[in-house]
């Protein structure tokens, strides 16, 4: 298929697709009931997959919201293999998981919690926790039986031991912070006492106390039962006068996250009602025959069937159903309704007198590229999202892309079939509600209400299509001309520059990573606990283990010098507390110094290490000393002031960079790093997905939009919308996390939708100027695009009322995507296209687009006269014929045209012409056309010399001298006969 670069067009892919859809539309129109019933049966069968929903739910936070095979997971495996936990010597510092625990934070109602009154209430809560028990069969589960132990005793809360020792004198006791010497040991208070007010290192007052109750990890079923009981009864039926209490457990985040599904179910019901209501209002007509109420209803129903079928099929296949997938139906509803509006718009432009199968055939021919482009771009955007390392994103993309495919299929089968069935009703001029035949004309004397309710079937007498809706006229008569004024274009350019500046500024303000507290509902008890934790206990962050991951000569001074240098590098980091450092090798050297051991000798070092580890049992868990070799060991450093996602990201990156630069093979690990790993991949993954998707979108645009330059404009629109959404979402307090990453991929698909519609309509119409092209594109597609955008926003607007961060984030970003996409499609792109209209050349080979029915093919014929070849342009089957050419030998002409030159340059001629083309061009000269509809069966003779306009006359006025000089055959008759 040739590519016409002169006209900037290529239709090698677009044209065959349109033809195929035209044939398919005729097939659907011929057998509508098959295509109407089949999707219903398919949906009923596939919908049985929802019976498996409970089994397919996969809401494990670590599994779904952290990178698959992230570095921290590999580090955890290494720690787990080399430093197994010792249940008899529990140490929360040495856990390679978050642990199993219950906790509560007590916050004083006064200025100081270190009072006897406050601690009496804290002790009551402590006793209540320890008295909790759960009956399971013949066994009673108690805290004493399940607690993590150290030397056969449950792990105590040392702050309670301090209170028990000092009693009423606690407030007067000088407690040093963060370490307090109690008995023969030092107690770290950084995790137990918060909101401290210090005088030097002595606590003057404190706002909060936090207690932990650690359980053994050997039997999670039993411990989970006890923790659930803790959540049920704590802190109910308590009258607390001095403190306020918040509580949480190691299960709370997961339990609260899974509870979010209950929040979204009623929201989807509301959304469906809103979508149906909006669609009906948009398709409401003050014509009881042409009314599209049922069409709108079944259009929304078609989107619902797509969700039922796709989700059911995915559940049957075994694809995990993650919480993020619950956002998908809201999105699909908007996409399905958008396709519905495009199809209805094209259907209304077909001739009402044609057979319904012909009308559907023409509808599909015109709408094929539009809905195919939008479907392909959306589906591919989501399939590309499968490259992400987050399982929650993969599940969402897989469910949503499959739903979009079903939505597309059902739009051209189920919905198309209903258009045919509804068209049959309209052809019989039957009422939309009663299905009774009604008259087309209102009898004299009837009221307006009677005409509104009982008269219908109106259509445009000139075009034969349904009457144009008022909103389409608004775009053509008001908005389009306003937008193409010079001063308006200047304002749009200035406004776009402001938009771009603000967007780029926002991009530099974006925060990375998902705050785990946001996985729970806003009113959840666990959110209050996290708020108190952040407010009072953020000064001391996680205690990081630094692991020497290979055999290392600890006795060699040279190698130890390298290790000491690395340790100093860690201590010099801004977020590391230098004075809090736990190291077995440091203690071993201290032990060797006091026992007069030469630890510089390998044999002495190894021989005495076992004895040292028996005396200092905690350090035994820090050294993998087997077969007389130290395979791995670890030490601990303390972080401080880690309170924001940015702090967490910087901490992780700098710790890993420091470990990598060290000549000693090191790794750093903490259980929280499992979740912090998202910072390492989320930006690069987002950029990768956006770049690949944008490239694919450009390829699709080049193939399906018959204009390479406008394909570039589509790509420009994608980039512009992405920058805008990213910048403004940062200004709207939305982080770049796994949730927003999903929507940014969606952003690409939707930005293509809006810009592709307008760009395609612009290049497909044959208006002579760029401004007229822009107005015509807005006239044909402005209203359907607006309808689609509003329907999509309505599809997600109820999520703004959700108590859950995931759903609210989905709404925020989708709102930005649709709003900016709509603004680009209806404002920026039309204006930019008028500045860069490079495709206003020869209209040969231009093909009509899905949004422009008034455009037909033009051809170039060569005719010879007196042996010379002269080029003659023929437009839309309108031909200037020579006087010896018989135009209508076998059929009467519906319209006869007079070419008015001067008095002496007109001959009799019979020419069949349509009445829809505004002007002709002959050898570069433009001739204005004045069109008048002839009366039926009228025989008139027009005297050309009189130049009078007679009923039925169509005049083509021009410069007769140019006609004579052009070399074209000159007519020499003096009158024109109209048949």
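From the backbone N, Cα and C atoms, a Cβ is placed for every residue, glycine too.
Automated prediction, rather than curation, is the source of TrEMBL annotations.
Summarising the annotation, TrEMBL assigns domain 'SSD' to 264-421.
For 33-53 (among others), the entry in TrEMBL reads transmembrane segment. Same-chain neighbours of the transmembrane segment (33-53): 302, 305, 308-316, 321, 409-410, 413-414, 416-418, 421, counting only residues six or more beyond its ends whose CB sits under 8 Å from a CB of the stretch.
Taken from TrEMBL, the feature transmembrane segment applies to 264-281 (among others).
Residues or ranges marked as transmembrane segment in TrEMBL: 293-317 (among others).
Annotation comment: TrEMBL describes 329-347 (among others) as transmembrane segment.
For 367-386 (among others), the entry in TrEMBL reads transmembrane segment.
If you look up TrEMBL, you'll see 398-421 (among others) marked as transmembrane segment.
If you look up TrEMBL, you'll see 490-508 (among others) marked as transmembrane segment. Under 8 Å from some Cβ of the transmembrane segment (490-508) lie the Cβ atoms of residues 483, 720, 723-724, 726-731, 827-828, 831, all in the same chain and six or more residues away from its ends.
If one looks beyond the transmembrane segment (679-705) by at least 6 residues along the same chain, the residues whose Cβ comes under 8 Å of a Cβ in the stretch are 10, 13-14, 17, 67, 70-71, 369, 372-373, 376-377, 380-381, 384-385, 387-389, 512-513, 645, 648-649, 652-653, 711-712, 714-715, 718-719, 722, 736-738, 741, 744-745, 748-749, 752, 756, 759-760, 763. Look at TrEMBL and you will find 679-705 (among others) tagged as transmembrane segment.
If you look up TrEMBL, you'll see 711-732 (among others) marked as transmembrane segment.
As annotated by TrEMBL, transmembrane segment applies to 739-763 (among others).
TrEMBL lists 783-801 (among others) with the feature transmembrane segment.
If you look up TrEMBL, you'll see 813-836 (among others) marked as transmembrane segment.
In the predicted model, the domain 'SSD' (264-421) has a mean pLDDT of 87. If you look at the transmembrane segment (711-732) against the transmembrane segment (813-836), you find at least three C-beta pairs under 8 angstroms, all six or more positions apart, and that counts as contact. Highest Cβ contact count with the transmembrane segment (264-281) among the listed stretches 329-347, 367-386, 813-836 falls to 329-347 (criterion: pairs under 8 Å). Segment contact holds for the transmembrane segment (783-801) and the transmembrane segment (329-347), given three or more CB pairs below 8 angstroms at sequence separation of 6 or more.
Remote same-chain residues near the transmembrane segment (367-386) are listed as 14, 17-18, 20-22, 335, 338-339, 342-343, 345-346, 393-394, 396-398, 400-401, 404-405, 407-408, 411-412, 689, 692-693, 696-697, 700-701, 704-705, 742, 745-746, 748-750, 752-753, 756-757, 760, 849-851 (criterion: CB distance under 8 Å, separation of at least six residues from the stretch ends). Through the fold, the transmembrane segment (398-421) approaches residues 21, 24-25, 28-29, 32-36, 38-40, 294-295, 298-299, 302-303, 305-307, 309-311, 313-314, 319, 321, 325, 328-329, 331-332, 335-336, 339-340, 343-344, 347, 356-357, 360, 363-364, 371-372, 375, 378-379, 382-383, 386 of its own chain, all at least 6 residues removed from its boundaries and within a Cβ separation under 8 Å.
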